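As given in Swiss-Prot:
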type	residues	note
DISULFID	Cys21-Cys57	disulfide bond
DISULFID	Cys22-Cys49	disulfide bond
DISULFID	Cys30-Cys47	disulfide bond
DISULFID	Cys34-Cys43	disulfide bond
SIGNAL	1-18	signal peptide
Amino acid sequence: MVCLLILGLVLEQVQVEGKSCCRSTLGRNCYNLCRVRGAQKLCAGVCRCKLTSSGKCPTGFPKLALVSNSDEPDTVKYCNLGCRASMCDYMVNAAADDEEMKLYLENCGDACVNFCNGDAGLTSLTA
């Protein structure tokens, strides 16, 4: 149940992230951290990011670029790695036995792939 709640919070953050554009990784990190408690407009102003409703970022404001020449496949790859490292590793430690651990890893890995490719829904990881 805790993982479902955390995944829901992460999904909410991603929906917001698609509407904000920052000039740098520092700006993106600032915005993401600020959004934990702050409003979109406030965080965008403080972190020098721009909000857009079109889903396209203006020139000079990349959406998710981690490095200057990154592209979407790299972003999806790093998203999968981060999701698995933060969510799935935690679940492995919570498993009671090897079978439960195997099931958690399989379902969690699938959830991360769906999440990072943009087709995530709120599904239970124990289903």
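Glycine residues also receive a Cβ, built from the backbone N, Cα and C atoms like all the rest.
Listed in sequence order, the disulfide-bonded residues from Cys21, Cys22, Cys30, Cys49, Cys57 having a Cα within 10 Å of the Cα of Cys43 (disulfide bond) are Cys30, Cys49.
There are 24 other Cβ atoms within 10 Å of the Cβ belonging to Cys21 (disulfide bond). If you take the CA of Cys57 (disulfide bond) and look 10 A around it, the disulfide-bonded residues you hit from Cys22, Cys30, Cys34, Cys47 are Cys22. Cβ environment of Cys34 (disulfide bond): Leu42, Cys43, Val46, Cys47 lie under 8 Å away, each six or more residues apart in the same chain. Looking at Cys49 (disulfide bond) and Cys30 (disulfide bond), their Cα atoms lie 9 Å from each other. According to DSSP, Cys43 (disulfide bond) sits within a helical segment. Of all the disulfide-bonded residues listed (Cys22, Cys30, Cys47), Cys30 has the fewest other CB atoms within 10 A of its CB. Here the CA atom of Cys22 (disulfide bond) lies 9 Å from the CA atom of Cys30 (disulfide bond).
DSSP assigns Cys21 (disulfide bond) to a strand in the three-state reduction. When secondary structure is read from DSSP and collapsed to three states, Cys30 (disulfide bond) falls in the helix class.
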